[in-house]
Amino acid sequence: MGQTVTTPLSLTLQHWGDVQRIASNQSVDVKKRRWVTFCSAEWPTFNVGWPQDGTFNLGIISQVKSRVFCPGPHGHPDQVPYIVTWEALAYDPPPWVKPFVSPKPPPLPTAPVLPPGPSAQPPSRSALYPALTPSIKSKPPKPQVLPDSGGPLIDLLTEDPPPYGAQPSSSARENNEEEAATTSEVSPPSPMVSRLRGRRDPPAADSTTSQAFPLRMGGDGQLQYWPFSSSDLYNWKNNNPSFSEDPGKLTALIESVLITHQPTWDDCQQLLGTLLTGEEKQRVLLEARKAVRGNDGRPTQLPNEVNAAFPLERPDWGYTTTEGRNHLVLYRQLLLAGLQNAGRSPTNLAKVKGITQGPNESPSAFLERLKEAYRRYTPYDPEDPGQETNVSMSFIWQSAPDIGRKLERLEDLKSKTLGDLVREAEKIFNKRETPEEREERIRREIEEKEERRRAEDEQRERERDRRRHREMSKLLATVVIGQRQDRQGGERRRPQLDKDQCAYCKEKGHWAKDCPKKPRGPRGPRPQTSLLTLGDXGGQGQEPPPEPRITLKVGGQPVTFLVDTGAQHSVLTQNPGPLSDKSAWVQGATGGKRYRWTTDRKVHLATGKVTHSFLHVPDCPYPLLGRDLLTKLKAQIHFEGSGAQVVGPMGQPLQVLTLNIEDEYRLHETSKEPDVPLGSTWLSDFPQAWAETGGMGLAVRQAPLIIPLKATSTPVSIKQYPMSQEARLGIKPHIQRLLDQGILVPCQSPWNTPLLPVKKPGTNDYRPVQDLREVNKRVEDIHPTVPNPYNLLSGLPPSHQWYTVLDLKDAFFCLRLHPTSQPLFAFEWRDPEMGISGQLTWTRLPQGFKNSPTLFDEALHRDLADFRIQHPDLILLQYVDDLLLAATSEQDCQRGTRALLQTLGNLGYRASAKKAQICQKQVKYLGYLLKEGQRWLTEARKETVMGQPTPKTPRQLREFLGTAGFCRLWIPGFAEMAAPLYPLTKTGTLFNWGPDQQKAYQEIKQALLTAPALGLPDLTKPFELFVDEKQGYAKGVLTQKLGPWRRPVAYLSKKLDPVAAGWPPCLRMVAAIAVLTKDAGKLTMGQPLVILAPHAVEALVKQPPDRWLSNARMTHYQAMLLDTDRVQFGPVVALNPATLLPLPEKEAPHDCLEILAETHGTRPDLTDQPIPDADYTWYTDGGSFLQEGQRRAGAAVTTETEVIWGGVLPAGTSAQRAELIALTQALKMAEGKKLNVYTDSRYAFATAHVHGEIYRRRGLLTSEGREIKNKNEILALLKALFLPKRLSIIHCPGHQKGNSAEARGNRMADQAAREAAMKAVLETSTLLIEDSTPYTPPHFHYTETDLKRLRELGATYNQTKGYWVLQGKPVMPDQSVFELLDSLHRLTHLSPQKMKALLDREESPYYMLNRDRTIQYVTETCTACAQVNASKAKIGAGVRVRGHRPGTHWEVDFTEVKPGLYGYKYLLVFVDTFSGWVEAFPTKRETAKVVSKKLLEDIFPRFGMPQVLGSDNGPAFASQVSQSVADLLGIDWKLHCAYRPQSSGQVERMNRTIKETLTKLTLASGTRDWVLLLPLALYRARNTPGPHGLTPYEILYGAPPPLVNFHDPEMSKLTNSPSLQAHLQALQAVQQEVWKPLAAAYQDQLDQPVIPHPFRVGDAVWVRRHQTKNLEPRWKGPYTVLLTTPTALKVDGISAWIHAAHVKAATTPPAGTAWKVQRSQNPLKIRLTRGAP
């Protein structure tokens, strides 16, 4: 089955030298690449039967040659040498071609489908297929193909195909049957036959037809059928890739099988069913049916032809006939085409881009893989010369980085071929360094880098030491010298020694260490100066200070201080932690310098607690213990013979401990010995269970974890943060330990996250913490199943009072990571001493990963499942790595602990022996103290809360509330206590700590000190919940019966939401019960709950009042509280406010429904029924409506016939607010009377009866906590409800049409409110502004014009006050009005209408003279408004000038068409203004050269030279080239106004028509080639009737549009054209009957008068900016008009004509308002004045 298939194309490529020789004999030259392209891709598209593998059939070659030599644009002259050479190969075949050429091939049809009939010819195909052609009567001698020896029929080791003879037709075979029988010779069977197809008969030696397997000639001369063997199908299936993996390889296999075996239709189905899946087979069959061609050689979709050529069901083809075999041959060809089409992958350039060169891959192998990717994932042929550039670029960019960089730097890269690039890449590849050389180079670079860094560090250290000693040596010289003299017993400084002088005996010639007089005995013990002295060294690399010195612990680290009574402040030399912002100057012998203080949050313990802050002086040689700390310690310095001793006031040695505030609670923990100490027995019996004896754990039953990533995740690489030397040295031992244990391993990963060194509090030890936040974002989220500590202890019954607590050490490291997930957690680490410089990653589950707790918790639960089953009497609680084992007796606890330790050891987990609490009755677990079935708060946690200082910032307050909130279960009413504190925690709120906050702060601390013990929930007993409510806070206690007593389980408290807090007390109790029941469910775990409260709320829940509760809230409460299986209500009890437990004495219960009914309304006697003996019966109404764009509102109180009160309300008042005002006014006017008031407003009615009381109790807040609308009006209404003696507010329908009293009164009130809204002044006394005497200047200056105007208006003069009065107001003079309004407008820049409305709404105390005229003048003369405001001027339409005959006047324009296929992005459109005829040309550029070219080459030859051309001011038209061409040709080129498309309206409208038509055509045809569809769009434009009912075609040619039926079979009748004389007569008629009337009509339009614009020469105008930026005025100017036309004008300063629609008039102040210059008394000053208009 491994035979290679030989085709004519492959045969020519194998003998390419002979092919070139034959081509040279034909005087042509051929190239191998183009030879393959033409044969496999080009010639099969000619539809003449040329196969992709080539053929030597002369008939097909002749047809291809005729297509190649076709004259005109359809020919292919570049293919002539190749088809001529191929024809020469067929006519004069060389020896290697002769076996594949028929002696005399008959002419072949153009289509592969054979017509029926005995004389039908077979379809053309490759010569390797059996040539089923009729034999020639004069049969030539049989060629000697095979040797006479009995060799195999087909040699499987050679590539040459077997010879095939000619196949005779059916009729010829019948006529020559006898001759063939007599002349046939039978050859001996081949030994290879059995190897090929099993038991097959040898073929007839003299047979004239070839054998088409599996059809064989039997002994009686009949064809027999031989199916595929199962071994063949099995080998083909298993030894080849699937169709989806490599479609090309499987297609080649099936093609070879179709050629060599000649299967029938059934065999083909069997072959496809074996090698392909169902979906692949369906796709192949569908593609094969698409390849069926009709009689015209084109693909067909006719069902009959498709089913005939490629049937889906078994056909009745007779394989013994020529017609049946031809059908079968065609079926195989179509099947092969379907395989090829179905195997084509969709274009995916990303796959090609993903092919990169491997580290050790040669460039040649990489290029082959790249080409294969091009063939598989793109439709491009990588061997095509046109694709060589793309392949070359991909080869460069996707090569190895070192090769790619060097290839990019090649000189003259554009001229390099792909072969040149491969050769250069091979040179670079061969010169690469070996892996050993690369490792050696990297090692040398690392060593050099480390050596440089080490030298730099040493140099920097030496410089720092030198500078420090130089600056501070003189500072302490006196102290050091004096102390040395004290030790030596003298007061003089010892003399200077020579270089060779002994310091002991003062003799020369030796040193002190070699002095013979120096005693050699053992050194005596040093005197102890402190109990906490751990050594003499004061710091790393520092000599101990001289005596007297004392060693103290600072932050857990021993520091040796020099006692310096001359130092005012104590000094630390090394970084003690965080430094404060305070600093101080230190004056020394060498000068002064500023140093910082440490923070004062340090607690020191010696004789007492003190707080101290050190001075941080890193340049000081030794730490100093100054007078400040000596004073606080009450230290005593005694001078003895051995030196100075520093002790406390009682004579004891001093000891000082410094630690952080968060670890302070550990000081208060009592170190109590456990009842059963963890001795050597537990350690020795279970060595594998303890981390101290068993080493690092490993969960043996857990498979390595695979961490799934999100679908869109990509690797993240974050560089390592800079790390100090101290931190690096601190975490180095931990990294080394983890590397030795195999938990960390070196790696190379695209992922990288930084490592953070975290300093352990109280020590100098660091631990490594990895920042995995970015990795956590890219990992899939899993649901967290870690238990909730809040209710975890609910599963611990009080009967189990013996406990064992185990803490698993390094728990996460017990779980392994899968190798595929390990690169996610890589980080950088460099350690030159260990030879590590790169990345490390975790092989175990790391800490800091978001899913680590859940994964470990689930794994440990699975591993401990068997232990729980085997020990059902024990309780095992697990919170991640903290285990709690509880038992009823000590023996059961010890037995269970042993079993648990054995299980943990076997499973591979390790517990910490230091933290273990084994078999005790009192243990600490999760921050609680468990003892005797109860849980307590630990004293350490209480002390932590008590020791916190008073908060000074919101953050400190949040920390306090968080710490105290952990203990809220022990504090009754915690929510109510902390209520004053929570508002200060919000961001943006002023932190104002007052007495209320201090009181709450102290109450919480006091409650915490008196916190009781809480019993553990017993899930076998029912729970009781006592609930109380006070001022919107729900409080409760959850209890369980313990004998005759109730033992508290938890104290619950919560604040109610704003809606529930505004309810009556009984309903607030319902809300409180619902809130606390939900919280208690977390502890009761669904057990029965009995609710006891001082209210009978069960009846309220069953029948809640609909006026207070919404439906959603009512349903929620009923579903929670009426679940009788879980919740039951107990009797009504009175609770103790302190303990929330029932009181001994019982109070009389109250009726909640009755109390609730009483609280529904604000006024008890308020009713909605008329009062019979009422004093007044009034009707109220309020209205709000829009009038002239302004909302007007009014309100009224009326009877049936008269208006009691009415008034206008401020503009913008809503109808609801107006109704409230009207009702409130009626109540005020009926004070002390009996009143019936009718209103048609449901809003006002419900507010008075129901909602008002609800709003008041709620604090006038909505359910979201926001202030309600109309708050002031609602408050006024609630206050006015109590004014009448008796009151009835009745609701009546609005807009009634009846004649009842209600209808008449409602209509009267509605009409009165509407009339009141139209008034200008509000008359209601409740909303009147108190009248006040307006401020009057000392005097008003009235001009003569003002006085004349005042007399005309009838004003009176007030002699007392000295001003004129009109309408009861002082009159402001015209000049003062101008100054006031001008200032107001400059502040607001409002329009005249808005300024009038503003002045009308804000009632002025003055009467402004000529106000409206002054407002108009001020706004019109404002320069800023003129430059910004839009213009409302409307310019009349002009008249467009048209030509008097076709071709004389054209409009031209460019329009852009996207997408720009083939480089065509623009369309140049010409429109004849006379006829509307359009010419459009696609162009690639928008230039003047293109315009001139189309004008001279297209417009001029067809229509003559235009007289006028119109266009916009585009660069292609306004350029010097276009204008010069127009001048030379005598064309009057008119450039239209800029930014005025209406000026070129005809061509602009045609642009839109053409683009709309192209859009429709592209949608209908499915193509994006608009250039191809442009003729159809032009046809539509030219044959569309215009405004006069004629199409441009009719105007131009004088004939109707050529609308014909293109599908009419009698279309030939329309081809008879009339004579030339008839055409001329028709044109003459058109000129007389069409052109002249059109020209006259156009002239009439020009003669009609056009309304000109109002601008004249000399006017000042503003010109519009067509392109404005941010904060830039819309208009520029003003400019002076120089010239005008009916539609345009030219201004001074702008060269182009401007359309009249783009300008607006500029108002200039009259001469009287110009600025005037006046002299003043000061000669250096002048006065500028301007009068009013």
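Quick reminder: no glycine exception, Cβ is built from N, Cα and C everywhere.
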Per Swiss-Prot, Asp881, Asp882 bind Mg(2+) 1; matching candidate in Asp771, Asp781, Asp807, Asp996: Asp807
Asp1181, Glu1219 bind Mg(2+) 3 per Swiss-Prot; candidate in Asp1125, Asp1165, Asp1168, Asp1240 listed for that same site: Asp1240
Further DNA ligand in Swiss-Prot, beside Arg955, Arg958, Phe966, Trp1063, Arg1113, Gln1187, Ser1214, Gln1216, within candidate set Arg941, Arg1126: Arg941
Alpha-carbon distance [Asp564 (active site, protease); Asp1512 (Mg(2+) 4 binding site)] in Å: 95
Integer Å distance between the CA atoms belonging to Asp1453 (Mg(2+) 4 binding site) and Asp564 (active site, protease): 97
Local confidence of the domain 'RNase H type-1' (1172-1318) - pLDDT mean: 83
DSSP state at Asp1512 (Mg(2+) 4 binding site), helix/strand/coil: coil
Around the Cβ of Asp1512 (Mg(2+) 4 binding site), the count of other Cβ atoms that are within 10 Å: 22
